[in-house]
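Note sheet for the following structure.
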Ligand code: B4P
């Protein structure tokens, strides 16, 4: 049973690797960024609220994302395992997730942190050119990552759930390193 959380700065390759591994293991890939972008595209009440934050490179408020993740993790397909990509992103979200997984009796989650230097992620995101990939917004997302998300590395390493993987190599080599780390 694989229950995996991907951490790392924006553009570290969380989405890319999570999708690859989820396809391979045939388990759901749960990306909070993708769910929010779908909500935004369909202009749902959640999407309208989230857009203000995403356009500026800020995090969407915890309670909105937490409700969304709770709803998703309660679906039946998660019984075979899951990969969470982009959640948690704050210590509050991590502690919410811990309680939620206890409540749902889903245990044994492991965490992979993709380590990539800032200049490399900025280059990748500028090349990708998504709506929130302009240089100003990328810089803001990196600042937010440092202040809000990077503390999760300590949070999970103190619980001995963390694997650090070098994300600054070819897509294939990153996948091999992740697979080795978690097997
Ligand atoms: P996300 O959708 O999670 O976006 P990301 O962090 O930029 O992407 P990721 O690291 O997955 O990079 P990718 O694989 O695509 O979040 C977007 C926004 O949603 C956030 O800013 C926030 O506003 C909101 N949000 C999401 N979750 C939230 C939460 N929990 N709480 C609050 N707000 C939340 O890779 C990027 C590029 O690099 C791609 O073009 C890829 O092809 C390339 N690439 C990947 N690996 C490579 C490699 N090894 N070599 C070369 N290129 C590579």
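Quick reminder: no glycine exception, Cβ is built from N, Cα and C everywhere.
TrEMBL lists 11, 12, 13, 14, 15, 16, 128, 169 with the feature ATP binding site. Following the DSSP three-state reduction, the secondary structure of residue 128 (ATP binding site) is helix. Sequence-distant contacts of residue 128 (ATP binding site), defined by Cβ-Cβ distance under 8 angstroms and a gap of at least six in the same chain, are 11.
Annotation comment: TrEMBL describes 32, 37, 58, 59, 60, 86, 87, 88, 89, 93, 130, 141 as AMP binding site. Around residue 130 (AMP binding site), no same-chain residue six or more apart in sequence has its CB under 8 Å from its CB.
Taken from TrEMBL, the feature region 'NMP' applies to 31-60. Per-residue pLDDT, averaged across the region 'NMP' (31-60), gives 97.
Within its own chain, the region 'NMP' (31-60) has Cβ neighbours under 8 Å at 14-15, 18, 68-69, 72, 84-87, 89-90, 131-132, 136-141, 144, 148, counting only residues six or more beyond its boundaries. With respect to their backbone Cα atoms, residue 15 (ATP binding site) and residue 32 (AMP binding site) stand 10 Å from each other. Helix, strand and coil residue tallies for the region 'NMP' (31-60), in that order: 22 helix, 1 strand, 7 coil [DSSP]. If you measure from the Cα atom of residue 87 (AMP binding site) to that of residue 169 (ATP binding site), you get 23 Å. Note: the Cα of residue 13 (ATP binding site) and the Cα of residue 32 (AMP binding site) are spaced 14 Å from each other.
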